């Protein structure tokens, strides 16, 4: 436990953040629906994470920082056999996703509305099949690069919770962050970049739904990279 606290002491903490005022229905979703879907970190995680879900699932996938929720809701709807855990501290984004979950009657999503490292440290070892980190905050200034979510400490966390053969997927339109992630994963013994050629990282992931972040990057003339790393 001391080791975990020490690691966290060097990390930037991202708590609940709020933007523009919520609509009445969005506020109601946060008050009534979120408590039903939120994972309870006060109790130990079940040895089998499939027990977190009210429906039968065959595998578990974690998305860190789901933003507008387009990707998470699309994946959950197209793949009901997978249980999804979505983490997002931004209140407005969480409220938006909750509305989509209700509208589409999605039952294979559980949520956390605070720091993702709390979830990473809570999850059992070798319990997750895939981790998605898509268009994370790039912290573009060099002096802030240490705040990027991809770090040796967090890759250790990923390696602990991913099953052997599990996948870490990363997408970004910021060249310095793409290179940063490639270097960090190359230097980590637990991860192997799966790309065999340029098409493997320039083309979106299979079944990828376009997101507003990706669309913004294209409008501003930036191309994206889609990196996959296999847990050894």
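Note that Cβ sites are derived from N, Cα and C of the backbone, with glycine treated the same way.
Site annotation for substrate in Swiss-Prot covers 141, 211, 212, 213, 214, and the matching candidate from 79, 173, 175 is 173. A straight line from the CA of residue 88 (S-adenosyl-L-methionine binding site) to the CA of residue 211 (substrate binding site) spans 16 Å.
Residue 212 (substrate binding site) carries a helical DSSP state (H, G or I).
Rounded to the nearest whole angstrom, the C-alpha distance between residue 115 (S-adenosyl-L-methionine binding site) and residue 213 (substrate binding site) is 21. Counting neighbouring Cβ atoms within 10 Å of each of the recorded positions (63, 137, 173, 214), the lowest count belongs to 137. Cβ neighbours of residue 141 (substrate binding site) (same chain, under 8 Å, six or more residues apart in sequence): none.
In this structure, 115 is the one among the binding-site residues 88, 115 with the smallest number of other Cβ atoms inside 10 Å of its Cβ.
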